[in-house]
Amino acid sequence: DGRPKWDNKFQYILSCIGFAVGLGNVWRFPYLCQIHGGGSPASLPYRPLPPQEERIPLLHLELALGQCLRKGSIGAWNTISPYLGGVGVGSWMVSVLVSLYYNTVLTWVMWYFMNSFQEPLPWSVCPLNENRTGLNEECYESTAVNYFWYRKTLNVTPDVTESGTLQWWLILCLATCWAIVYLCTIRGIETTGKAIYVTAIFPYLVLTIFLIHGLTLPGAADGLAYLFTPNLNTLKNPRVWLDAATQIFFSLSLAFGGLIAFSSYNPPKNDCEKDAVTVAIVNSMTSLYASIPVFSVLGFKATTGYWDCLDRNIISIINEFDLPEESIMRQNYTAWISFLNSSYPEKTAGLKLKSCDLQEFLDQSVSGTGLAFIIFTQAVILMPGSQAWAILFFIMLFCLGLSSMFGNIEGVFTPLLELQIISKSIPKELLSGILCLICFIIALCFTLGSGSYWIDIFDSYAGSLPLLVIAFFEVIGVAYVYKIKRFSKDVKWMTGRKPNLYWQITWRFISPLLLLIVFVAFVSLQIQKPPTYAAWNPKYEDFPMKEEKVYPPWVLAICVLLAVLPCVFVPLVALFHLIKRTCRRKD
């Protein structure tokens, strides 16, 4: 049919894995492990528990759908039923919005990567103040790492309503990132299929290097013990199950349309069931595999912070009691504290020694960009050869984000080619260039001083709730509109065997029910309190703690719009076709 095709099966599997395995595997999954106490939540999403039943059947469904109909998301759902065309439009819109988010994160990664070549690392030291009479006050009150992220990178405003100015260094990085995306996606899978060999495989190489080095760092064992030690009490917390369910759902990049587009370039006779299971297993194992070097490094950072706390207290005690140097060591610190508290309680209390607890340092958690640009960079500074580790780390993040961008762009690009609203005389290269240019212009708003706040809004509202709604209607559309019996015949024709009872039950009942439960629970948690955001405000009385602020009404309206807009196309398109059909009957 003249449709492009993959060079080989491995290229296709790599593309699906690269799309599914993204930044969330490196910074979202470890964060959930950390806030819920380690071992139990770490294993929840990847054991055969109920949350697992919502994602693999849906992954199999999307891959089979694209391969059978050989169309992108909009074309595939229109073919099943014109009434379901809104499902394809919604997933297309989510892909556009998430592409803007992902490429902005790549912009930040590129900025850090460029600064990694400076010695010493720019985020390791505080600059002088304007009068050059001392250290910059904002940096001195927080840390050099925080200052470089919030002031030298984002130049963040203290409020989402204050736009600030465009940051020229971010504009240059943003333009470079979109240029790289354009070059890699210039001819669809014909070019991304070549680039994926690097962008999908290289992160595993870097993770392995970090794993080997991380295990040799002091404190690595404490970090890994924190990761794998179960906290069974957390199983009683409904939030743990909700986080597990949402993580395993979002981690496979379902309902974006990219997987449907990728599988549409397969030969019709291909084992899509085996592909779905393979991608799901690799994705799960990657999250666990990435957590080991991450927690090794976090354990190293926690141990270093714990030792620094002990050393400061030891110096204060030695100076106050005029003790010989090295009389108090880290090893005998606890014994000395017990002795001094019993012998000189008032004098010891007057020192106002800090409480040093390794567990507290391990419990310090931060999600998303904070883990990559603050916590991990802080740990990298402490490593021998920190510059090389920083370069490797940010190249890995860039490859992870770029692989995900391939899927998002394919989810946007493929339906545009198939809708025939654009003349076929326009070459792919030009269409791809126009698409990237429009996205670049829209994404300029994220280079403003308030850009990071808007990125969080896009992440929280455009890339969460709409996906649950779209996925629900996908499985309902196949199970009850297209019919499971008919779909099973298609799968049998493609794979040579009929889907077993497990697939049929999950498609009919379990997957839609779980998606509905997760949707209701997700919305219930969101409406329990007004949406807030954490603002970096140097004038805040508790600075460097972030100031928690409530979104103003007009920003809240945009949040609701981002969440509702992709979903509203589902009923609107169905209503349009219903009215159209009614009018035809009257004629």
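Cβ from N, Cα, C; glycine included.
Note that the structure is a prediction, hence the values are computed from the model and not measured.
Taking TrEMBL as the reference, the stretch among 274-299, 430-455 described by the feature transmembrane segment is residues 430-455. Recorded stretches compared: 240-262, 461-484, 505-527, 554-579; the one with the most Cβ pairs under 8 Å to the transmembrane segment (388-409) is 240-262. Residues of the same chain lying 6 or more positions beyond the ends of the transmembrane segment (166-184) and with a Cβ under 8 Å from any Cβ of it are 103-104, 106-108, 110-111, 114, 153-155, 191-192, 195, 402, 405-406, 409, 432-433, 436-437, 439-440, 443-444, 446-449, 451. The transmembrane segment (554-579) makes no contact with the transmembrane segment (196-220): fewer than 3 of their CB pairs lie within 8 A, with pairs spaced 6 or more apart in sequence. A contact between the transmembrane segment (505-527) and the transmembrane segment (196-220) is absent, since fewer than 3 of their C-beta pairs, 6 or more residues apart, lie under 8 Å. Touching of the transmembrane segment (240-262) and the transmembrane segment (196-220) is ruled out by the presence of fewer than three CB pairs under 8 A, sequence neighbours closer than 6 excluded. Cβ atoms within 8 Å of the centroid of the Cβ atoms of G18, A20, V21, N25, S251, N283, L400, S404 (the Na(+) site) belong to the same-chain residues I17, F19, G22, G24, L252, S253, T286, S403, site residues excluded. Looking only at other Cβ atoms within 10 Å, the busiest spot among the binding-site residues N25, S251, N283, S404 turns out to be S404.
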